[in-house]
Amino acid sequence: MGLKGKAWKFGADIDTDAIIPARYLNTSDPVELAKHCMEDADTSFAQKVQPGDVIVADKNFGCGSSREHAPISIKYAGVSCVIAKSFARIFYRNAFNIGLPILESTEAVEGIDEGNEVSVNAETGTITNVTKGETYQATVVPPFMQQIIAAGGLINYVAERMKVKKMYKIAVLPGDGIGPEITEQALKALKAVAEHFGHEFQFTEALVGGAAYDAVGHPLPKETLDLCYSSDAILLGAVGGDKWADLPPELTPERGALLPLRKLLGLYANLRPAVVFPALANASTLKPEVVEGLDIMVVRELTGGLYFGEKKREDLPDGTVRVTDTLVYTTEEIVRIARLAFELAAKRRKKVTLVDKANVLESSRYWREVVANMAAEYPDIEFNTMYVDNAAMQLVKMPKQFDVIVTDNMFGDILSDQASQLTGSLGMLASASIGGKIGLYEPSHGSAPKYAGLKRANPIATVMSGAMLLRYSFDMEKEAKAIEDAVTEVLKKYRTRDIMEEGLQLVNTDEMGDRIAEQILAG
Ligand SMILES: NC(=O)c1ccc[n+]([C@@H]2O[C@H](COP(=O)([O-])OP(=O)(O)OC[C@H]3O[C@@H](n4cnc5c(N)ncnc54)[C@H](O)[C@@H]3O)[C@@H](O)[C@H]2O)c1
Ligand SMILES: CC(C)[C@H](C(=O)O)[C@@H](O)C(=O)O
Ligand SMILES: [Mg+2]
């Protein structure tokens, strides 16, 4: 912490009454107190003092009654630090409690004259008299007291420590196919983050999908749902596979577990970032210049549309069959996902593209009407619309024209898989499903049954979903970034088979997880 300003000198035994006269103690408003700071020692001090200035006083500064108002008035007057030969003990403690740095140094007090430019390093206790070119040493403040100062006082310090101490509960649902092996790698990364940043994550595993059906006869057992409800976030591998595809729909991993989980948790927004890591520009099947630097966020509506509308299969009298899937959206469902897309775009490159089929579908026409109206509320954000067939083509022709794509459930499912290939592999596309109290994080891809158990799947989409979990559920930006940076670094040397390039080292699923975790720890 560097503090710098002009010195204001005071004598010995400045008591708290001189710092803040008792007649002003009818308020505890810091700004009001600051106006009368040092009034009985120097009537115009509060008007003259500039932000950063330093009070330099003789011995026993802050003696007298034990009021916190005294250091508060000094701090809010703009004084960055008080240097004295000694402090009254209660003032000393009060100053730390409210986050005012104070230092004891006889040589500094004797060396500094009124008006000298002084700079202070509170951590090392080094005081520099810039005017005279002299350096003095103060008694070093114990580290925990420095942490209180750095936090801005005792209350903030305690609050920060409690935040660090919070135990974050993460439900882990590995699922089917490659699900368990990729989830394991994301856990390695999250554990490395916990160790590196001093967090406590509690991981509890439960069955989901085909694995749950095989074990207990239902793809989303009550214990699993209860665990999800009592967790702070959910990490999911993938579900599904041919083995369970012909079960009654409500027992399949997809319709019996994944979709209900999203709906029950109110996860209406699915964020799928298609980001091309610098090292992977050549890994895509598209030309490097087309994808280099690409960063698209697909915002997919997740709990409405064709997925959740009424479905029917009817046997007709003539022996044929009629099947129905209904596409339903309400104003509220469209507004909330569009709002999220605009807000996200505001923090990115400020462009939103609504992808729809408004030339045919009534639902799309209404999406356009609603979202275009909302766009007027965001004058800084460029808004355009695109039919989904054209969008599919544009995504491979000129993908960098997109920033945020907002679209319905079905189109979002398809376009996000397509966007994934721009990044090099479907195994790179993470996802966050948010909107409810508890977020769910899973790779965008499926259970890739043909690779199950072979340890050749790319775990990065799942690892990066872990980063999204930290960012969106725990508000841990630097921790999320630590995972992303580790992946960026590791990709310069190591590759799984799907993104392998000549000259780099081929690794399996486990090894990729290990390299990423090591890189996080190396920081
Ligand atoms: N969120 C989910 O749980 C989810 C998502 C999509 C599909 N599924 C289910 O997964 C099963 C398989 O579906 P699919 O084959 O259509 O899609 P898929 O995403 O599992 O696989 C598509 C292709 O991508 C490859 N692939 C996927 N993930 C990979 C990875 N991490 N590393 C390397 N290659 C990877 C696969 O081998 C395959 O060639 C189905 O039961 C489907 O319903 C589940
Ligand atoms: C498995 C399936 C139900 C799921 C979906 O369509 O949402 C998947 O494809 C996805 O993208 O998460
Ligand atoms: Mg999909």
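Placed from the backbone N, Cα and C atoms, the Cβ positions cover glycine too.
Residues annotated as substrate binding site in TrEMBL: Arg262, Arg272, Arg300, Asp389. Listed in sequence order, Met297, Val298, Arg300, Gly412, Ser416, Ala419, Ser420, Leu429, Ala430, Ser431, Ser444 are the same-chain residues at least 6 apart in sequence whose CB falls under 8 Å from the CB of Arg272 (substrate binding site).
Residues annotated as Mg(2+) binding site in TrEMBL: Asp389, Asp413, Asp417. Summarising the environment of Asp417 (Mg(2+) binding site), the number of other Cβ atoms within 10 Å of its Cβ, over all protein chains shown, is 16.
Per TrEMBL, domain 'Isopropylmalate dehydrogenase-like' is recorded for 169-516.
Under the three-state DSSP scheme, Tyr307 (site 'Important for catalysis') falls in the helix class. Non-local contacts of Tyr307 (site 'Important for catalysis') by the CB criterion (under 8 A, 6+ apart in sequence, same chain) comprise Leu259, Asn409, Met410. The site 'Important for catalysis' feature in TrEMBL is assigned to Tyr307 (among others).
The Cβ neighbour count for Lys357 (site 'Important for catalysis'), using a 10 Å radius and every protein chain shown, is 18. Residues annotated as site 'Important for catalysis' in TrEMBL: Lys357 (among others).
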Query raised in the report: Which state, by DSSP, holds Asp389 (substrate binding site): helix, strand or coil?
Result: helix
Requested in this report: Quick one: of the recorded positions Arg262, Arg272, Lys357, Asp389, Asp413, Asp417, flag those whose CB is under 6 Å from ligand 2, and say none if nothing qualifies.
Outcome: Asp413
Report summary line: Nearest to Asp389 (substrate binding site) by C-alpha distance, among the recorded positions Lys357, Asp413, Asp417, is Lys357
Report summary line: Between the C-alpha atoms of Asp417 (Mg(2+) binding site) and Lys357 (site 'Important for catalysis'), the distance in angstrom, to the nearest integer, is 19
Report task. Starting from each candidate's C-beta and looking 10 angstroms out, tell me which of the binding-site residues Asp389, Asp413 has the most other C-beta atoms. Result -> Asp413
